[in-house]
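Student: Below you'll find the structure I mean.
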Amino acid sequence: MNKHSAVVEPATPVSELVETTGHAGSEWLSRYSSSLMGVFGAPQRVLVRGAGCLVWDADGKEYLDLLGGIAVNALGHAHPFVTSVIASQLATLGHVSNFFTSPTQVALAEKLLELTQAPAGSKVFFSNSGTEANEAAFKLARRNTGTGDTKRTKIIALEGAFHGRTMGALALTAKEAYRTPFEPLPGGVVHIPFGDVEALKAAVDETVAAVFLEPIQGEAGVRPLPPGYLKAARELTARTGALLILDEVQTGIGRTGKWLASEDAGIMPDAVTLAKGLGGGFPIGALVTFGAETSSLLSAGQHGTTFGGNPVATAAALATLHALENQHVLANASAVGEHLRSALAGIAGVTGVRGEGLLIGFDLDADVAPAVVQAALDAGFIVNSPGPRTIRLAPPLILTTAQADTFLDAFPAILQTAKDAQ
Ligand SMILES: *Cc1c(COP(=O)(O)O)cnc(C)c1O
């Protein structure tokens, strides 16, 4: 047991229900393909255990996790403090439905309003995922109806946008391959060119209910909005009465070294959606609405969820936020991210490095990104390819410089192996 191992020793290990050891990865993968829907393709590995930034597969191989469950495991795996808080809440009160509330739910809402510097009258709605946080935001936008002759029927999103896979969030998502098989999608969404202030100016008028933006588009390959864009979007939407809704599901909760990636823009949006890193690996999402007017657009009975904001999920998020704050994790994310970006920029074959904190995207000089993912796995590193020549890193925010260096040292050989395999 190293220092990252859970302090909570479970009374009944899960291995009494499922034989977690003694079966080869290949056996689990064949059982997977017979029992799980094929929407994700074949899993890359079968993972059985994690500690800190490391995970181990069913065949005993160790990996440095540089993807963090896609920007989710902010504190790595089996973080002792988060683990013990979740276990203790579950052993006290696990679920109550939203006919009731619980102290952790109220405390988490207050904490999120504090961290997002929300003014008086601001409110929170809890969901279980990013897409559900965006569904709530979509419904909020629909309630920004406009008055008199001005009917706000349109919603603006950007080309390259990813906002989730449920029908409303999918309508906001740009990628044709995700959308087309499921049309008709909820109407009124218009996608405009990425990062183009003139296009935004032309699109935002009094018929627009909301503008949805990711400060950095994660799924599109870690693409930051150009400087000044968020400020321009704020001015335009304020002038016409459209809501400015920021999707910080991937970029929020310390991922960029700040609580919100949009912090430096010096604006107050009307709403922010959060999810991935919020629960430190436990599923939870949130919609934060700024100011009393926006916060009352959805009235009693107009939205709901059975699980959203349940005691265990909100305890997990409270524990995550507490550890992020008290263990100086955001400063670490900034420093290690800076180190990774500057070192990556000096590696032959790496043509462009983007991102902030520990959300990093970089391009390669050939279309070998999927082969790089495979070669990296064989070398003991988990990375991701959001595009044919783009690699994304979103590791735990507790990644050390020494751990980052093991990847930087290994990367030239990984890239060569990937090119040789083409
Ligand atoms: C991941 C993601 C979502 C969807 O979150 P899920 O929890 O997968 O539903 C939405 N928006 C952004 C920006 C994301 O990165």
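Just so you know, glycine gets a Cβ as well, placed from its N, Cα and C.
Automatic prediction, not curation, is the source of TrEMBL annotations.
According to TrEMBL:
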type	residues	note
BINDING	G130, T131, F162, D247, E248, V249, Q250, T306	pyridoxal 5'-phosphate binding site
BINDING	R165, T305	N(2)-acetyl-L-ornithine binding site
MOD_RES	K276	N6-(pyridoxal phosphate)lysine
Student: What whole-number Å value do you get for the CA-CA distance of K276 (N6-(pyridoxal phosphate)lysine) and Q250 (pyridoxal 5'-phosphate binding site)?
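Tutor: Per the Cα atoms, K276 (N6-(pyridoxal phosphate)lysine) and Q250 (pyridoxal 5'-phosphate binding site) stand 6 Å apart.
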Student: Give the three-state DSSP assignment (helix, strand or coil) for E248 (pyridoxal 5'-phosphate binding site).
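Tutor: Assignment for E248 (pyridoxal 5'-phosphate binding site) reads coil.
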Student: Counting Cβ neighbours within 10 Å across all chains shown, tell me which of the recorded positions R165, K276 comes out on top.
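Tutor: Buried the deepest by this measure is K276.
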Student: When you measure from the Cβ of T131 (pyridoxal 5'-phosphate binding site), which residues in the chain that are at least 6 apart have a Cβ under 8 Å away?
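Tutor: Non-local contacts for T131 (pyridoxal 5'-phosphate binding site): H163, G164, R165, T166, A169, G285.
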Student: Might you list, by sequence position, any residue in that chain lying six or more from G130 (pyridoxal 5'-phosphate binding site) with a Cβ less than 8 Å away from its Cβ?
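Tutor: Looking at Cβ-Cβ distances below 8 Å from G130 (pyridoxal 5'-phosphate binding site), excluding near sequence neighbours, one finds H163, G164, A169, D247, V249, Q250, T273, A275, K276, G285.
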Student: Mind giving me a neighbour count for Q250 (pyridoxal 5'-phosphate binding site)? Other Cβ atoms within 10 Å of its Cβ, every protein chain shown.
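Tutor: Result for Q250 (pyridoxal 5'-phosphate binding site): 28 neighbouring Cβ atoms inside 10 Å.
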Student: Determine, from DSSP, whether T131 (pyridoxal 5'-phosphate binding site) sits in helix, strand or coil.
Tutor: helix
Student: If the criterion is a C-beta within less than 6 angstroms of any ligand 1 atom, which of the binding-site residues E248, V249, T305, T306 pass it? List them in sequence order.
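Tutor: V249, in sequence order.
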Student: The record lists G130, T131, F162, D247, E248, V249, Q250, T306 as binding pyridoxal 5'-phosphate. What's the largest Cα to Cα distance among them, in Å, rounded to a whole number?
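Tutor: This binding site's residues have a maximal Cα-Cα distance of 25 Å.
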Student: To the nearest Å, how far is the Cα of F162 (pyridoxal 5'-phosphate binding site) from the Cα of T305 (N(2)-acetyl-L-ornithine binding site)?
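Tutor: Cα-Cα distance, F162 (pyridoxal 5'-phosphate binding site) to T305 (N(2)-acetyl-L-ornithine binding site): 23 Å.
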